[in-house]
Amino acid sequence: MNNLFGNSQIFISLAIAIVLEAAPFLLLGSFVSAVAGETSLGQRLARAAPRSRGGGILVGLFAGLVLPTCECGVVPVARRLLRQGLPSHTVITYMLAAPVVNPVVLLSTWVAFQGSWASLAARVGVVAVAAAAMGWAVAGTAPAALLRGGNFAPVGLPRMDEVHGHVHGPDCDCGHDHGADGRSLPLRLARGTALEFLDMAKFLILGALAAAAVKTFMPSSLLTPLQSSLPLSVAAMMGLAVLLSICSEADAFVAASFTGFPWASQMAFVTLGPMVDLKLLAMFYGVFHHRLATALVVVPTLLVFVLCMALGLLLPGGSW
């Protein structure tokens with residue numbers, strides 16, 4: 001009984017610690033998303049994006065620095081960007097890269113891994129390779145051909161407030177309409193930030209509870225084979241990332257809490273989750289053509305596994 005009580009205390013302490021570490025970055029990310037939703041950054045990006053394949057992919061990789069969004073809202077943003085005339089390769093690259101290559105996630109990753117530049121570079125590098133590969137694959141494809149039904153109004157698409165819960169301003173790029181509600185800009189920003197934070201906080205709490213439960217209650221006899229095998233640990237953390245569906249602004253803190261796992265498997269967690277998770281699966285198949293949706297799941301998954309295995313062999317300790 002005493003042992004159970006002691007383990008419960010450890011479990012609660014670990015879960016609270018993870019949430020408290022990650023919550024400020026989730027709040028900051030929610031604010032940035034609300035600001036982006038109140039501007040017309042997407043329209044400006046559409047006018048400025050180059051039409052060449054290489055240039056368009058490069059813009060897509062770094063567009064998240066000026067049009068940041070988390071993975072739960074990036075698919076509607078991508079659909080709107082296609083409507084606004086951006087090339088397919090730019091939009092698909094942006095959709096996969098922006099949840100990681102944006103200021104809030106870069107900062108949270110650096111803090112979560114205690115100032116490890118190797119971790120930051122690995123996360124950005126793996127995601128950039130996967131995003132660029134998918135962008136290159138769709139280059140030259142008409143935007144309408146990427147969407148379900150071959151048009152800009154996919155049949156059966158769920159309401160966007162049901163799939164991601166974001167609230168944005170009337171000029172946002174999230175792919176659905178909003179009416180002006182007469183509120184001042186500060187009030188709209190506060191409301192958007194609060195709703196975004198509350199919507200994403202449940203995934204952070206779920207991830208923190210799962211990580212704390214694994215560290216506290218899972219027998220070492222089950223963990224040891226995973227921790228001692230690079231392929232198994234990478235695959236296990238990839239599966240966990242998909243199932244937990246934690247926002248990219250907070251997932252690094254959950255990954256870093258798995259201290260017994262190889263560094264490369266932690267990188268697998270923070271690179272696959274922002275590109276493929278349960279939320280994204282529903283939106284991929286709801287918005288895009290079936291073949292593209294399948295490719296958006298399969299290609300990043302395979303590339304993350306291969307690249308993280310390579311990281312584990314070349315940089316087993318996660319340092320230069």
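Residue 1 is the first one shown; counting continues down the chain.
A Cβ is built for glycine as well, from the same backbone N, Cα and C atoms used for every other residue.
Per TrEMBL, the features are:
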{"type": "TRANSMEM", "residues": "12-36", "note": "transmembrane segment"}
{"type": "TRANSMEM", "residues": "57-79", "note": "transmembrane segment"}
{"type": "TRANSMEM", "residues": "91-113", "note": "transmembrane segment"}
{"type": "TRANSMEM", "residues": "120-139", "note": "transmembrane segment"}
{"type": "TRANSMEM", "residues": "200-218", "note": "transmembrane segment"}
{"type": "TRANSMEM", "residues": "230-255", "note": "transmembrane segment"}
{"type": "TRANSMEM", "residues": "267-288", "note": "transmembrane segment"}
{"type": "TRANSMEM", "residues": "295-315", "note": "transmembrane segment"}
Contact ranking winner - 12-36, 57-79, 120-139, 267-288, 295-315 against the transmembrane segment (200-218), Cβ under 8 Å: 12-36
Leading contact stretch, 120-139, 230-255, 267-288, 295-315 vs the transmembrane segment (12-36) - CB distance under 8 Å: 230-255
Chain residues outside the transmembrane segment (267-288) and at least six past its termini with a C-beta under 8 angstroms from it: 70-72, 75-76, 78-79, 96, 99-100, 105, 109, 119, 122-123, 126-127, 130-131, 146-148, 154, 156-158, 163-164, 234-235, 237-238, 240-246, 248, 251-252, 254-255, 258, 296-297, 300-301, 304-305, 307-308, 311, 318
Same-chain residue ranges lying at least 6 outside the transmembrane segment (230-255) that approach it to Cβ under 8 Å: 18, 21-23, 25-26, 28-29, 70-72, 99-100, 104-105, 108-109, 111-113, 123, 200, 203-204, 206-208, 210-211, 261-262, 264-270, 272-274, 276-279, 301, 304-305, 308-309, 312-313
